[in-house]
Amino acid sequence: MSSPHPTTLKPYAERIELHTNPTARRILEIMDRKKTNLAVSVDVTTTKEALEVVRRVGESVCLVKTHCDIIEDFTLDFANELVKLSKELDFVIFEDRKFADIGNTVSLQYSSGHHRISSWSDLTNAHPVPGPGIITGLSQVGKPLGRALLLLAEMSSKGSLATGSYTEQTYKMAKDAGRDFVIGFIAQGRVDTNPEKGEDWIIMSPGVGLVSKGDKLGQQYRTPREVVYDAGADVIIVGRGIYGIQGGEKAVKDEAERYRQEGWKAYEERLARK
Ligand code: 5BU
């Protein structure tokens, strides 16, 4: 058996000092303080439902992930309410925008338009496919605001082309950019192979479920333990497994707590492997 990835042996709290980006530091601080590596993806289509889910799961999560372009009645008032809840309930906002264009266009998509993502989202993500200009374009907008970026190194969906040398080059692109704005990856496991001393990346994995193994559109699920203990990811991202649970308000809250406990147990067990 190969030895565990060095980052996976460090407590989240000890990794804070390895980051200069304020959002990265805040994520790790919250994870440690609230004992949670759970992110809930709030993929509902109205602001009312979205705020309801956030209020139910807020205490159990380190991050709330949004897709602002699926919300029919999105306004900046909604975004402000989300920011208020993120302070009250202590979580980071992650707009899963998956930017994928040239630097100039993504900087406009990030700062402007109907959604003004950079004004309310602490963290966002981008496909590396256009090359490093996408990082430069987004960082011009986000870095002065203390925001952070994840690169999409892998995806959870069946048949994804983000594998092998694409994933390796994504890691290299992040290293070349430095860790003041790019703080990690969306990936299915540790893509930061052979990290140097002091190098630390936050890995977040979607495609997590305790019950279902997938959906009819190519999504594939693994359990929190497979993601955190076996694959060494830092944050589990759960959508339908939590907000889609039947049974009303309390069921959603309880299910978030169940995933939080599963994710945290897997993290504690991975630390104990030393
Ligand atoms: P689900 O309901 O748990 O399947 O939702 C997963 C969420 O994570 C959803 O918002 C996706 O857009 C997002 N996601 C994903 O599922 N897989 C990926 O590789 C990436 C994002 Br990147």
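Using the three backbone atoms N, Cα and C, a Cβ is placed for every residue, glycine included.
Among the candidates Q140, Q169, Q219, the residue that TrEMBL names alongside D43, K65, S156, G239, R240 for the substrate site is Q219. Nearest to D43 (substrate binding site) in space, judged by Cα atoms and limited to the active-site residues D96, K98, D101, is D96.
According to its DSSP assignment, R240 (substrate binding site) is helical. Recorded residues D96 (active site, for OMPdecase activity) and K65 (substrate binding site) have their alpha carbons 6 Å apart, per Cα-Cα distance.
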